[in-house]
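Asker: Have a look at this one.
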Amino acid sequence: MALALVSVAPLVSMRRSLFSSPYELKSIDKTIPNLVMCRKRMSGTPSIRVSSTTSASNDDGVRRRVGDYRYNHWDDDLIDSLATSYEAPSYLERADTLVEAIKDRFNSMGVDDGERMSPLTDLYQRLWMVDSVERLGIDRHFQNEIKSALDYVFSYWKEKGIGRGRQSAVTDLNSTALGLRTLRLHGYPVSSDVLENFKDHNGQFTCSGIQTEGEIRGVLNLFRASLIAFPGEKVMEEAEIFSTMYLKHALQKIAVSSLSQEIEYLLEYGWHTNPPRLEARMYMEVFPQDTIYEQKLVELAKVEFNIFHSLQKRELQSLTRWWKHYGFPQLSFTRHIHVEYYTFGSCIATDPKQSAFRLCFAKMSYFVTVLDDIYDTYGTMEELELFTAAIKRWDPSVVDCLPEYMKGVYMAVYDTVNEMAKEAEKVQGRDTLNYVRQAWELYIDAYMPEAKWISSGYLPTFQEYLDNSKISFGTRITILQPILTLGEPLPHEILQEIDFPAKFNDLISVILRLKGDTRCYKADRARGEEASSVSCYMKDNAGITEEDAVHCINDMVNNLLKELNWELLKPDSNVPISCRKAAFDICRIFHHGYKYRDGYGDATIEVKNLVKRTVLEPVPL
């Protein structure tokens, strides 16, 4: 066969022995003779199995499959023209002044002078302050104050929960639910059993039925707490069912207000599909401003949002230059969604110091999309094998072996991965490139079985499909290098606790693979890609309907999300919480894109709204 001209020994196998040698690459066969000769083989090569409705002939005469995608939704001139005045020193100075004022408020919460903090409300007020700065996206300024406030609340935590204040005689649903959620998210050992105290003698959650604003807010916080459930917590499942029904009923009765808008938002996005920056923007719009401290909280949130918007402009322009430099606009067969991926990154990493994370995440996510379109749709089998070999060789000289449309892609991957490894070395104090290359080999190898399934029309079993596709989905690629730039040293043995095949990474990969399939399988099938978790599940369970298969897979996802909650918050993890949270938020932001439909094949209304509200449009002051 002509392909014998390329001989590359794989760096690693696909077994778990991947990590047996942390930084030492396996041997590579250095002899790849006459690479330029491979270009002679490009014409007349059989392509991947073609769907009659999505095929096209390229200039090279090869009949190829193409996706029915719309292309760049965001005019480059618009991006270049984004203007902002929020980098002016006056805004930075105002932000600093507001931060100090809010710190003073935190530090004065122990003062009982009738004006500030009553022993009948001090617990709830502390929780409310912590929850407010977190939801407004300004909590990075108050980490010490948050810890002090939560230590205080936890010192009064009881088996039946807490009241509004340390001297409250009766436990309170609002305070207990908000406390359960907030303390759990910060690693305090609190049990969901406290919610049993709010059931009636029949074991059912109950409320007065009057639906006052206070009661509604209590049930809203019960709903928010129920989403931070761990596996086996039946009371949390019951709380979610009860609170969801209650809040939907309340929406039918209460007038349109800040409270109703908040309820609608949270019922729609919950927690696992709720991007932090989008929630911050919503919360600014509905946040109460009855007191001077509430006004200062909102003002700081808005000023910080717009200062960050100035930074987003520069980063997005930098990303667009990178995108153009490697010729991605000329690739007509792939999705042009680099702006969307930058938006995703900036929705979950809002600290201005995390620029490397945001740009690395956007670039790695875009690579995954382009390679998915090449391997699943556009490339011929021979071209795919050549590209796979080139990635393993990791040498820019092999670019001459590749067809024209692959050359820029290969050099972009090569240059960018190397560049990001240098960024990571500044944080990690060691060269992580070899480790990252191993991840890329495993990832790129996983594409080949799927390409062969498409070519042959083979439909694998559900488990066979999942074992391979959770790697080919590319989650590891989008997580690994970004978290290495976060500022937290990750020794190899700790990195293994969050990187594939550790359970944390495995869960994220499976969740996104399954959820993505429930949104994409029909469009994929129309392009000739039959294998999906839906079709494979139906194959394994003869007689089941497509609708039932989707329902079963969604149930799997919901159960896996509870496991992911535990992996994020379990007390014995050695991985820094900032890295766990970043990986978890990557899952959340991709899950957001699949909320109602495939947000990646063609940018949906929801994804476009996310770009506008979190990147393109500043908040009115």
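For all residues, glycine too, the Cβ spot is worked out from N, Cα and C.
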Asker: For the motif 'DDXXD motif' entry in Swiss-Prot, name the matching range from 62-66, 372-376, 612-616.
Answerer: 372-376
Asker: Can you tell which of Asp372, Asp376, Asp524 has the least company, meaning the fewest other C-beta atoms within 10 angstroms of its C-beta, among these binding-site residues?
Answerer: Asp372
Asker: Sort Asp372 (Mg(2+) 2 binding site) into helix, strand or coil using the DSSP assignment.
Answerer: helix
